[in-house]
Amino acid sequence: MMGRRNDTNVADFILTGLSDSEEVQMALFMLFLLIYLITMLGNVGMLLIIRLDLQLHTPMYFFLTHLSFIDLSYSTVVTPKTLANLLTSNYISFTGCFAQMFCFVFLGTAECYLLSSMAYDRYAAICSPLHYTVIMPKRLCLALITGPYVIGFMDSFVNVVSMSRLHFCDSNIIHHFFCDTSPILALSCTDTDNTEMLIFIIAGSTLMVSLITISASYVSILSTILKINSTSGKQKAFSTCVSHLLGVTIFYGTMIFTYLKPRKSYSLGRDQVAPVFYTIVIPMLNPLIYSLRNREVKNALIRVMQRRQDSR
C-alpha cells in the first residue's frame, strides 16, 4: 500500500514504530514483552492480594485496586498491538486506530483524576487520622472513583469525535508506535486549529485541575508532618505518601512533556520516548512502587501465602 492517497479519507493507517532495523525491532519486542508480562503479574497480583486480605479493605487500597486496573487496561490498549507491529504487519484500521485512541485518552484522563482522589485520601489519613473513617465514608470513596471514569469517558468522547470529523486524504503513515493525538493531527489535510485548541484545553484542564488538587493535598500533608514532634512519627507519615508522590512525579512529568505543547513542536524520535514510559513502563513500575515500600502489602502477601499453605 502506498503512503499517499487521493481518497477523501483513508481506510487504514501505517504505524512506523520505533525503528526500521529488524535487529532493534526484535530487541524491542523481547524487552516490551518482558515488561508487559511483569505488568500483568504485578497488577493482577496487587488486585488479588487486596481482594484476598481483609486488612487491606480500606479506602487507600480501594483506590489502589482501581489504579492497578487502569494500569493493566492502559498497558493492554497499547502494548499487544505494539508487539504485533514489531513482528508482523504495522497496519491498523481507521476504526481500530480511533478505538485505541479513545481507550488511551479515557484511561489516561481517569488515571489523572484517580491520582487526585488518592492524594485526597492521603490528606485525610495524615491530617485527620482520628476522623479518617468519618471523612472517607464508602459513599465518598465511590464518588471519588466514579468521577475519574465519568470525566475520562466524556473527555475522550469529545476528543475522538472532534478528530473523527477531520479528513485524512494525504498520507496514512503515523510516525508513532500507537494512535496518539499529535501524530494523527499531523496527517489531517484539513484545518486542525480548532481541534488542536479543544484538545489542548481538555488536556491542559485535566493536568492542571488534578495537579492543583494533588499539590494542595500535599501542602497540607507537609504542614502536618512538620508539626509532628517525633522523628519516627514523621518518617511513618512520610512513608505513607512517598510511593504515591513518586508515581505522580513520573506520570505527570512525561504527560506534561508530551501534551502541553502545540502540535507543530512535535518531534519524531524525541516525542516517542516519553510515551514509552507512560504507556509501557509506568504501568509496570506502579505495582513495584506501591508494594516494595509498603509493609502492609508485604505482610498481606505473607498472610495470604500462609493461609494457602494451611489450607493444604
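Note that Cβ sites are derived from N, Cα and C of the backbone, with glycine treated the same way.
Features of the protein shown, as given by Swiss-Prot:
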- Cys97-Cys189: disulfide bond (DISULFID)
- Asn6: N-linked glycosylation site (CARBOHYD)
- 1-26: topological domain 'Extracellular' (TOPO_DOM)
- 48-55: topological domain 'Cytoplasmic' (TOPO_DOM)
- 77-99: topological domain 'Extracellular' (TOPO_DOM)
- 121-139: topological domain 'Cytoplasmic' (TOPO_DOM)
- 161-197: topological domain 'Extracellular' (TOPO_DOM)
- 218-237: topological domain 'Cytoplasmic' (TOPO_DOM)
- 259-271: topological domain 'Extracellular' (TOPO_DOM)
- 293-312: topological domain 'Cytoplasmic' (TOPO_DOM)
- 27-47: transmembrane segment (TRANSMEM)
- 56-76: transmembrane segment (TRANSMEM)
- 100-120: transmembrane segment (TRANSMEM)
- 140-160: transmembrane segment (TRANSMEM)
- 198-217: transmembrane segment (TRANSMEM)
- 238-258: transmembrane segment (TRANSMEM)
- 272-292: transmembrane segment (TRANSMEM)
Quiz item: Do the transmembrane segment (272-292) and the transmembrane segment (27-47) share at least 3 Cβ pairs under 8 Å, sequence separation 6 or more?
Solution: yes
Quiz item: For the transmembrane segment (198-217), which stretch among 56-76, 100-120, 140-160 has the most Cβ pairs under 8 A?
Solution: 100-120
Quiz prompt | Non-local residues, at least 6 beyond the ends, that sit with Cβ under 8 Å of the topological domain 'Cytoplasmic' (121-139) | solution = 59-60, 63, 217-218, 220-221, 224-225, 237, 240-241, 244
Quiz prompt | Site with most surrounding Cβ atoms, counting all protein chains shown within 10 Å, from the disulfide-bonded residues Cys97, Cys189 | solution = Cys97
Exercise. Test the contact criterion for the transmembrane segment (56-76) and the transmembrane segment (140-160): 3 or more CB pairs under 8 Å, pairs 6 or more apart in sequence, then answer yes or no.
Key: yes
Practice problem: Using a Cβ cut-off of under 8 Å, list the residues of the same chain at least 6 residues beyond the topological domain 'Cytoplasmic' (218-237) that approach it. | Solution: 119, 122-123, 126-127, 245
Quiz item: So, by DSSP, how many helix, strand and coil residues make up the topological domain 'Cytoplasmic' (48-55)?
Solution: 7 helix, 0 strand, 1 coil
Quiz prompt | Residue distribution over DSSP helix, strand and coil in the topological domain 'Extracellular' (161-197) | solution = 14 helix, 3 strand, 20 coil
Self-check item: Residues of the topological domain 'Cytoplasmic' (218-237) by DSSP state, where helix covers H, G and I
Solution: 17 helix, 0 strand, 3 coil
Exercise. Sort out the residues at least 6 away from either end of the topological domain 'Extracellular' (77-99), same chain, that have Cβ-Cβ distances under 8 Å to it, and list them.
Key: 1, 9-17, 25-26, 28-29, 32-33, 35-36, 39, 107, 160, 163-164, 168, 174, 177-179, 184, 279-280
Self-check item: DSSP helix/strand/coil residue counts for the topological domain 'Cytoplasmic' (293-312)
Solution: 16 helix, 0 strand, 4 coil
